[in-house]
Amino acid sequence: MWLQILFLVLSVGRIDAAPPGQSRVVGGYKCEKNSQPWQVAVINRYLCGGVLIDPSWVITAAHCYSHNYHVLLGRNNLFKDEPFAQYRVVNQSFPHPDYNPFFMKNHTLFPGDDHSNDLMLLHLSEPADITDGVKVIDLPTEEPKVGSTCLASGWSSTKPLEWEFPDDLQCVNINILSNEKCIKAHTQMVTDVMLCAGELEGGKDTCNGDSGGPLLCDGVLQGITSWSSVPCGETNRPAIYTKLIKFTSWIKEVMKENS
């Protein structure tokens, strides 16, 4: 059943809620098998990434909002039979209340736009089975540091402005930069609930289809992919990630009230 859903999504154009999620892994590499067991593929009209933070809860980007979701867990390759693969239906979604709902339908970036609070919680109809290939990851407890080495992951296009999508999960190594770097790089708002990450020399980035996926810095989940420039991976155009340390209280409150 889930393979039919996935093929349908790909047949109509495997795109994410573009540009706020201009998030594809560019300049990356094939992730080591089962090295990202919290990675989730969120399937609706688009393909987005997500992160398993509790057996019953996935966090993703608010601009990935839709009315029906399915999630794939424990997958390295989206199309091959894999021993740890699981499929779940989402029965409730909780976009952050301060995210601008206009951007849930309109995904074009304009100068001055403020995409703050770009995160959403998805409640699974049945908890995930925790195995060697499916694991939860803890929320951050400390601020990420500028210069931290980070890893982002996803299944989306590996070349800027081209629809070349890998079957296998891709990883890319980038660094946390000061928000001032992103303020200079973008005409959109860069706020204190966002993280700036990438490589100023370009060539490494997240892009179309990775939105909502994890950003791990020094092994700690610190962000989820939000938006970047078009095309991605350009020189002096680092990407923007939702800064999770700013939202841990809200996340825990939603999970507690709706479990």
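The backbone N, Cα and C atoms fix where each Cβ goes, and this holds for glycine too.
According to Swiss-Prot, the feature signal peptide maps to 1-18.
Averaged across the domain 'Peptidase S1' (25-256), the predicted model reaches a pLDDT of 90. Feature annotation from Swiss-Prot assigns domain 'Peptidase S1' to 25-256; the stated evidence is sequence analysis.
Under the three-state DSSP scheme, C171 (disulfide bond) falls in the strand class. The annotation disulfide bond is assigned in Swiss-Prot to C31-C171 (among others) on the grounds of sequence analysis.
Cβ contacts within 10 Å of C64 (disulfide bond), excluding its own Cβ and spanning all protein chains shown: 31. Among the features that Swiss-Prot reports, disulfide bond is placed at C48-C64 (among others), with the record citing sequence analysis.
In the three-state DSSP scheme, H63 (active site, charge relay system) falls into the helix class. Taken from Swiss-Prot, the feature active site, charge relay system applies to H63 (among others).
Secondary structure at N91 (N-linked glycosylation site), as computed by DSSP, is strand. Taken from Swiss-Prot, the feature N-linked glycosylation site covers N91 (among others), and the record attributes it to sequence analysis.
What Swiss-Prot records for N106 (among others) is N-linked glycosylation site, and it gives sequence analysis as the kind of evidence. Counting every protein chain shown, the Cβ of N106 (N-linked glycosylation site) has 14 other Cβ atoms within 10 Å.
Annotated active site, charge relay system per Swiss-Prot: D118 (among others), in sequence order. Counting every protein chain shown, the number of other Cβ atoms lying within 10 Å of the Cβ of D118 (active site, charge relay system) is 30.
Taken from Swiss-Prot, the feature disulfide bond applies to C150-C217 (among others). C217 (disulfide bond) carries a strand DSSP state (E or B). For C217 (disulfide bond), applying a Cβ distance below 8 Å and a minimum sequence separation of six or more within one chain yields P144, K145, S148, T149, C150, L151, I176, A197, G223.
Around C182 (disulfide bond), a 10 Å sphere centred on its CB holds 23 further CB atoms from the protein chains shown. Positions annotated as disulfide bond by Swiss-Prot, on the basis of sequence analysis: C182-C196 (among others).
What Swiss-Prot lists as disulfide bond is C207-C232 (among others), and the listing cites sequence analysis.
Taken from Swiss-Prot, the feature active site, charge relay system covers S211 (among others). In the three-state DSSP scheme, S211 (active site, charge relay system) is classed as coil. There are 36 other CB atoms within 10 A of the CB of S211 (active site, charge relay system), with all protein chains counted.
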Between C64 (disulfide bond) and D118 (active site, charge relay system), how far is it from one CA atom to the other, in Å?
9
Rounded inter-Cα distance in Å - C31 (disulfide bond), C48 (disulfide bond)
17
Roughly how many angstrom lie between the C-alpha atoms of S211 (active site, charge relay system) and C182 (disulfide bond)?
18
